[in-house]
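Undergrad: Provided herewith is a single structure, encoded as structure tokens, for subsequent inquiry.
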């Protein structure tokens with residue numbers, strides 16, 4: 001009953017605070033665990049908000065989705081700032097327990113990959129890293145095969161009298177989105193007449209906020225990893241900083257960036 005509820009019970013603090021299980025006796029390992037567990041909690045909330053935004057936009061309720069999208073970008077800012085905390089760990093601190101991590105890596109975060117899928121950055125090759133976790137794999141497959149945030153945003157363009165090719169509206173959503181000159185032209189009309197298309201204009205800018213924040217997070221990730229391990233390979237088998245740096249050019253909403261050159 002509500003009158004019996006306590007702060008600790010409501011937040012399941014006993015379970016939450018016992019979930020940090022360092023494998024070594026090194027002081028800094030707890031920070032490493034807390035940073036990554038906190039990231040996963042924030043990703044859970046981000047996925048919750050993106051799911052709401054997807055539902056609202058797909059149903060034509062674009063303006064109510066702004067709040068969810070704004071909340072996501074605020075959370076992204078907090079996640080980016082958290083790299084500064086991890087950066088207090090020196091190379092010696094990290095190397096003192098790195099071997100205990102084995103092949104575990106943030107590269108294997110299914111929630112981060114689900115977020116990429118829901119934004120429109122689809123890549124089926126990541127599914128193979130989650131075959132031993134059926135629930136995580138099912139979540140990823142659902143996100144992969146469903147329309148992304150960008151797909152439902154593009155679908156709003158014809159509802160406002162803008163021309164979009166059928167191939168952009170009815171496609172295999174599990175495949176990587178290929179930028180379209182026609183889609184860019186439609187968004188360009190929105191940006192050239194924001195008063196007329198205010199709802200779409202605001203939606204587009206909210207999406208760019210998300211993309212901007214994601215790239216900023218990636219960039220800070222690269223710098224933090226380089227500061228701590230330099231050019232060493234990542235624990236997950238990637239080439240570490242080299243792989244992370246290669247992701248900096250990714251854009252979830254490509255035409256919303258490219259159109260700016262033509263304004």
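Placed from the backbone N, Cα and C atoms, the Cβ positions cover glycine too.
What Swiss-Prot shows for this protein is this:
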BINDING   32, 33, 34, 35, 36, 94, 98, 235  substrate binding site
BINDING   221  heme binding site
Undergrad: Give me the count of other Cβ atoms within 10 A of the Cβ belonging to residue 34 (substrate binding site).
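TA: There are 15 of them.
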Undergrad: Measuring CB to CB from residue 94 (substrate binding site), give everything in the same chain under 8 Å that is also at least six residues away in sequence.
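TA: Once residues fewer than 6 apart are set aside, residue 94 (substrate binding site) is near 28, 32, 228, 229.
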Undergrad: Sort out the sequence-distant neighbours of residue 36 (substrate binding site) for me: same chain, 6+ apart, CB within less than 8 Å of its CB, listed by position.
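TA: Residue 36 (substrate binding site) has long-range Cβ partners 106.
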Undergrad: Rounded to an integer, what is the Cα-Cα distance in Å between residue 221 (heme binding site) and residue 98 (substrate binding site)?
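TA: Just about 17 Å between their Cα atoms.
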Undergrad: Let me know how many other Cβ atoms fall within 10 Å of the Cβ of residue 98 (substrate binding site).
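TA: Summing over all protein chains shown, residue 98 (substrate binding site) has 18 other Cβ atoms within 10 Å.
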Undergrad: List the residues of the same chain that sit at least 6 positions away from residue 35 (substrate binding site) in sequence and have their Cβ under 8 Å from its Cβ, in sequence order, or write 'none'.
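TA: The answer is 82, 85, 86.
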Undergrad: Can you give me the same-chain residues 6 or more apart in sequence from residue 33 (substrate binding site) with a CB-CB distance under 8 Å?
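TA: When sequence neighbours closer than 6 are ignored, residue 33 (substrate binding site) has 20, 21, 22 within Cβ distance under 8 Å.
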